[in-house]
Amino acid sequence: MSHIDHTHDAAALSWVASANDPATDFPLQNLPFCSFRSKGTLEPWRVGVGIGDQILDLSTWGIADLNALMARPASERRALRHRLFDTLKAGAPEVELLPQAQAEYRVPCRIGDYTDFYTGIHHARAVGKLFRPDNPLLPNYQWVPIGYHGRSSSIVVSGTPLRRPKGQVKSPEAEAPVFKPSARIDCELELGLYVGPGNALGEPFGIDEADAHAFGLTLLNDWSARDIQPWEYQPLGPFLAKNFGTTVSPWIVTMDALEPFRIPFTRPAEDPQPLPYLDSPAHRAGAAYDIELEVWFKTPSMAAPTRLSRSNLRHAYWSLAQMLTHHASNGCNLQPGDLLGTGTLSGPLPDEAGSLLELTLGGKQPITLPDGEQRTFMLDGDQLGLRAFAEKPGFRRIGFGPCDGLILPA
Ligand SMILES: O=C(O)/C=C/C(=O)CC(=O)CC(=O)O
Ligand SMILES: [Ca+2]
Ligand SMILES: [Mg+2]
């Protein structure tokens, strides 16, 4: 069932002038959540809603905690969206706002558990070719939404610098590994799905109930040390190559805001079709999303960032609903605020790759930047940013805000 209503009406304007700018990430139709306070103060953190270049403070609305809001049923969350819309629409009485430029942010909610999936089949093929030339796409890939349990303690908000990790690295010629700073720090272009109400332990839910458990999306950069990863990841999966830092944007764009950007979920006829617990007519009708994704990069000597790649969530092999349903299918309990990474969302073309590993063909072909500098992986002082937005004629552009990181020396 579609939930497109008057809060998606492109003609609706806000009394916040910056929200009516066609280029803003946060028009009246978006209303993303964050956790914020005035920059440089020790004020308590508050739940906020982004509107243009301002923040609406929800502390006087009785909303002190995003996890508690995430736990509420989808119908209540939709009712809150309607109240926010009515408060911020043109003609409503103006209330006090905080300029985003005067705010600082933290990871927006308590993330109890973080799981990273692998739904980008073009990434899986490309990385598989590099790590397992004889066996790039493992036979389970088209049957199971593959994932691994990540670590939530090292999830940081956009703008937080990360120290280059040290780890065990073994070059193919060497007899033994050495412990040293990683020389292959990479990004991964992902979206993160924040879980809504979730399920009790031992009580899975069906694919058609999955939407009720999806709260919203964020940009997610799953930083990866590509020289630590191949040595440590078999047989138990990614570990220290992945958990030294994961950057999320400060903002959670609700699934309600993204409703107009649903598209059919398709599976090529020649591929295995999803097992019945991951398939339904309603799921096929609209479980995928058309969301544009970008990777931007800047060295210390560049005046402005340059775009390295662009892709789209539509290329994901498994849907957000399938990630949720599969994760809970054994009775594992998902909880409000849990974060599910989509996996690296590379598109089919070379310039749609969501990692430097792919963009540089395994580090063999450096990228030449606009000022002539070259890069394979991140050097100290380099900055990398992810961006995302959904756009469609007849609707306002829904943006995701920044997801930026900087690599510091080891
Ligand atoms: O193919 C592999 O062995 C590993 C690939 C990854 O880097 C794992 C990962 O984080 C999943 C993803 O982002 O798609
Ligand atoms: Ca990943
Ligand atoms: Mg990571």
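These residue numbers are counts, starting from 1, taken along the chain as shown.
Glycine too: its Cβ is placed from the backbone N, Cα and C atoms.
According to TrEMBL, the features are:
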type: DOMAIN; residues: 29-96; note: domain 'Fumarylacetoacetase N-terminal'
type: BINDING; residues: D116, E188, E190, D222; note: Ca(2+) binding site
type: BINDING; residues: Y118, R132, Q229, Y233, T344; note: substrate binding site
type: DOMAIN; residues: 121-386; note: domain 'Fumarylacetoacetase-like C-terminal'
type: ACT_SITE; residues: H123; note: active site, proton acceptor
type: BINDING; residues: D222, K242, T246; note: Mg(2+) binding site
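Distribution of TrEMBL features across the structure.
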| residue | record | Cβ within 10 Å |
| --- | --- | --- |
| D116 | Ca(2+) binding site | 25 |
| Y118 | substrate binding site | 23 |
| H123 | active site, proton acceptor | 28 |
| E190 | Ca(2+) binding site | 30 |
| D222 | Ca(2+) binding site | 26 |
| Q229 | substrate binding site | 22 |
| Y233 | substrate binding site | 16 |
| K242 | Mg(2+) binding site | 25 |
| T246 | Mg(2+) binding site | 29 |
| T344 | substrate binding site | 29 |
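Mapped onto DSSP classes, the domain 'Fumarylacetoacetase N-terminal' (29-96) shows 23 helix, 17 strand, 28 coil. When the binding-site residues E190, D222, K242 are screened for a Cα within 10 A of the Cα of Q229 (substrate binding site), the ones that qualify are K242. E190 (Ca(2+) binding site) carries a strand DSSP state (E or B). Here the candidates are the binding-site residues D116, E188, D222, K242, and by Cα distance the one nearest Y233 (substrate binding site) turns out to be K242.
Per-site Cβ counts within 10 Å over the binding-site residues R132, E188 peak at E188. Across the structure, E188 (Ca(2+) binding site) and Y118 (substrate binding site) place their CA atoms 11 angstrom apart. Checking the binding-site residues D116, Y118, E188, D222, T246 against ligand 2 with a 6 Å cutoff on the Cβ atom leaves D116, E188, D222, in sequence order.
Cα proximity to T246 (Mg(2+) binding site) (within 10 Å) is found for the following recorded positions from D116, Y118, H123, R132, D222, T344: D222. Taking the Cα of the residue listed as 'active site, proton acceptor' as the reference point, the closest of the binding-site residues D116, R132, D222, T344 is T344. In the three-state DSSP classification, Y118 (substrate binding site) falls within coil. Take the Cα of T344 (substrate binding site) and measure to each of the binding-site residues D116, E190, K242: the nearest one is E190.
Nearest by CA distance to E190 (Ca(2+) binding site), out of the binding-site residues Y118, R132, K242, is Y118. When every Cα pair among Y118, R132, Q229, Y233, T344 is compared, the largest distance found for this substrate site is 18 Å.
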